[in-house]
Structure formats: C-alpha cells, structure tokens
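To keep things clear, I will list the structure first and then write my remarks on it.
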Amino acid sequence: MKTLTILGSTGSIGTSTLAVVRANPGAFRVVALVAGKNVDVMLQQCREFSPRYVCMANEGAAAALRQRLFECGLGTIAVMSGEHAACELAALDEVDQVMAAIVGAAGLLPTLAAIRANKRVLLANKEALVTCGRLFMEALSHSQAQLLPIDSEHNAIFQSLPTAVQQQLGFACLREHGVTRIVLTGSGGPLRQLPLADFDAVTPTQACAHPNWSMGRKISVDSATMMNKGLEYIEARWLFNASAEEMEVIIHPQSVIHSMVRYRDGSVIAQLGNPDMCTPIAHAMAYPDRVPSGVAPLDFCRMGSLSFEAPDMARYPCLQLAIEAFAEGQAATTALNAANEIAVAAFLDGRLRFTDIARLNRRVVEQLRCAEPDCVEAVLVIDSAARQLAQTLSARFSR
C-alpha cells in the first residue's frame, strides 16, 4: 500500500486524487492533507479518509478545523498551519508519494521539500516548472526523488516515452532513445473558429465555454488564448529535456489524443482517453502498475473522426509569446506567468478586452528585465514585480 500526502486536497486535482483513493482503498492510504482555508471540505475529507496530519494555510482556519474535528470525535488528528508545516508534511518519513497540487506560488516550497526528501512527486503545480524549472530540475538531480507529471498532456507524453526516459525524466537525451519529437496537443479552445475581427468583442462567457473540459474560469480563458498550451510547452521543455526542435504543438479539437511522441523509425505513439483528470492521476499514483480510475472507457465507435491543424499564431499570440519567453530564460517565463494572471483577472472583471491579454503580457515581458533567479525567493521577487507592472500597465488599456 502506497502512503500519500496531498498538497492542495480541497482543490480540483486534490478532490480527484481522493476519488482515486476512494476507488482503490486497498492500494493507497492518506497520511496528510494540506489545503488553504476551506474548513468545510477539509472536515469532510478528514471524516472519510482519517489522515494523521492536516495543515491549513493560516492559524485561523486551523483553529476552526480543530474545534470541528473535536466536536466530531476526530480530535486525534494533528492540525497544523502555515507554509513551514506544509513543507514538513511533504517530507514525512512515512510518506511514499506527494501529490503537488497547490495552485500558484504557495505550492513551490512544499513541492521542493518533497523533492529534497526523495519522494515520488506527482506534479500538478504548473508554477513549479514555469517559474522554477531550472531550480527544480537541479534539486531533482541532487536527490533520489522521482517526478511524475499529472497534466493530461505531460502524462500522455510520459506514457508514450521509452521506460529508460521515464526513469531519467528531465535528464535523458531524447535522440539517444530514438525520440525525434514531442507532440503537444491542444483543443484550440472555444474561439478556434471565431473570425479574428470579432476577437475584440469576446466576452468572458464566450471565452469560458470550453468545448471538452470542465474547468475553472481562469484556465478556461487560458485555453481560449492558448496560454495554457504555452505554459505546458515551457513545462514540457523542462520535464522531457527537450530542445525547441524536439517540440511540436498542434491543435486537436476533439481532445481525445492527449499528446504524442514521434520516433525516428516513423512510429508515432499516442495516449488516448476521455477528458477526465482522474486518468492521469490514477496512472501516476499507481505507476508502474495500473488501477481503476473510475473514468468511462473510450468508445471508439461513438467517438467519430479526429482532426488536426497547425496553430495560427495570429489567433494565439500568447502561445508564441510563451515559446519566445522560454528561449529568454526563467525570469521571462516567471514574468509572463504573473502578468497573465493579472491580465486574465482584469478581462474577467471587464477591465480588459480579450485581445488586450496578449498585448499586456508582451509589454510586461519586454519591459521587465531581471537577472536570472538562483533561488525560490528570487523567483518570487520577479513574480511580484511583474504583477505590479501588469497592474500599472493594465490601467492604460481602456475598454
């Protein structure tokens, strides 16, 4: 039985992880749960999964949870709070693997703690590689930790790679193992066929109407701009030690093929499945074995045809910007990620037009010139500066 700490247990990935645990009670045991301020959901999780330890973001939430656990007869569960406690729970001796699903910068140090403690790290936190790719891969090289990707695209690529590359993830030479290209697929989002002339008038409702996946508003907008694919491109470069020439991004509107790997003999290996995050989560949790995920099997006879097209960078300037930012370095990708969060929030609030998202992102990356970060603290300084600049510049865009 594998033992587990879940960082971000009350979020989407965290609850899906617990769904896989629920479906496989003899395979996994939850030792620790870490979350933000959602006491109600954490209480429900404690009742069902009986962790030994729980950590909330602040002492106020922790105190409220302690009281409610005591009232339920679960007062033996140790309730902690704060980032330091989250790092401790990520590095527990009794834990085999850590689901790193805390969103944003708050997840960086706990994920790094898990790597330094030689855990199997199931990586769902985008910021870990988008903002700290070099730092995380250096930490991985000095530890015996194993990284397994949770993003559906990166997990699909992982499954399609040779075992030797899987076992040296981030360090193996793709060419030496017969791999010529990694093919990152994306649906193209809900605006794929909208005339470019109509982009200025796109509303948040339009941008959030994803055709295949059920997602939050921020990531739905990122899908519409294909910034999500740009961030996944950055992650893939680090995860698979891939050069720009070894990367390919294509649009696949049906979201059935989650990504592919090309080999020198002309073979292409792909991973297919219904669009449900429980599939990659179950794969990573059980690797190298397989367990039921609870996801309905793919019905090929009802699936219909699959189509592909090249991304139009005039339609998706955020994708092009992410590719360029990776070539510039970690400071640029950190600035881009931070600026995009500000830009998307402003769009959702009605303060920016849809087309201003890419314009604002580019201005921040071009204007904010910083030295390459050599620690997480330096990354956070760049992140903060980029957010401040994006806020200032966004005021100059008028609807």
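Backbone N, Cα and C atoms are what each Cβ position is placed from, and that goes for glycine too.
Residues or ranges marked as NADPH binding site by Swiss-Prot: THR10, GLY11, SER12, ILE13, GLY36, LYS37, ASN38, ASN125, GLU127, GLY216. Sequence annotations record features per position, and here Swiss-Prot assigns 1-deoxy-D-xylulose 5-phosphate binding site to LYS126, SER152, GLU153, SER187, HIS210, SER223, ASN228, LYS229, GLU232. Feature annotation from Swiss-Prot assigns Mn(2+) binding site to ASP151, GLU153, GLU232; the stated evidence is sequence analysis.
Where Swiss-Prot records a feature, it is marked here on the structure.
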{"residue": "THR10", "record": "NADPH binding site", "Cβ neighbours (10 Å)": "22"}
{"residue": "SER12", "record": "NADPH binding site", "Cβ neighbours (10 Å)": "16"}
{"residue": "GLY36", "record": "NADPH binding site", "Cβ neighbours (10 Å)": "18"}
{"residue": "ASN38", "record": "NADPH binding site", "Cβ neighbours (10 Å)": "17"}
{"residue": "GLU127", "record": "NADPH binding site", "Cβ neighbours (10 Å)": "25"}
{"residue": "ASP151", "record": "Mn(2+) binding site", "Cβ neighbours (10 Å)": "25"}
{"residue": "GLU153", "record": "1-deoxy-D-xylulose 5-phosphate binding site", "Cβ neighbours (10 Å)": "26"}
{"residue": "HIS210", "record": "1-deoxy-D-xylulose 5-phosphate binding site", "Cβ neighbours (10 Å)": "18"}
{"residue": "ASN228", "record": "1-deoxy-D-xylulose 5-phosphate binding site", "Cβ neighbours (10 Å)": "26"}
{"residue": "GLU232", "record": "1-deoxy-D-xylulose 5-phosphate binding site", "Cβ neighbours (10 Å)": "29"}
With every protein chain in view, how many other Cβ atoms are within 10 Å of the Cβ of LYS126 (1-deoxy-D-xylulose 5-phosphate binding site)?
20
At the level of the C-alpha atoms, what whole-angstrom distance separates GLY36 (NADPH binding site) and LYS126 (1-deoxy-D-xylulose 5-phosphate binding site)?
17
Select the closest residue to GLU127 (NADPH binding site) from the following binding-site residues, measuring between CA atoms: GLU153, HIS210, GLU232.
GLU232
Look up ASN38 (NADPH binding site) in the DSSP assignment and reduce it to helix, strand or coil.
coil
At the Cα level, what's the spacing in Å between HIS210 (1-deoxy-D-xylulose 5-phosphate binding site) and THR10 (NADPH binding site), rounded?
23
Work out how many Å separate ASN38 (NADPH binding site) and LYS126 (1-deoxy-D-xylulose 5-phosphate binding site) at their Cα atoms, rounded off.
22
Write down the Cα-Cα distance for SER12 (NADPH binding site) and GLU153 (1-deoxy-D-xylulose 5-phosphate binding site), rounded and given in Å.
17
Around the recorded Mn(2+) site, report the further residues of that chain (criterion: Cβ within 8 Å of the mean position of the Cβ atoms of ASP151, GLU153, GLU232; site residues excluded), sequence-ordered.
PRO149, SER152, HIS154, ASN155, LEU184, ASN228, LYS229, GLU235, ALA236, SER259
Could you state the whole-number distance in Å separating the C-alpha atoms of ASP151 (Mn(2+) binding site) and GLU232 (1-deoxy-D-xylulose 5-phosphate binding site)?
8
Could you give the maximum C-alpha to C-alpha distance in Å for the residues THR10, GLY11, SER12, ILE13, GLY36, LYS37, ASN38, ASN125, GLU127, GLY216 that bind NADPH per the record?
22
If you measure from the CA of SER12 (NADPH binding site) out to 10 Å, which binding-site residues from the list LYS126, ASN228, GLU232 are inside that radius?
none
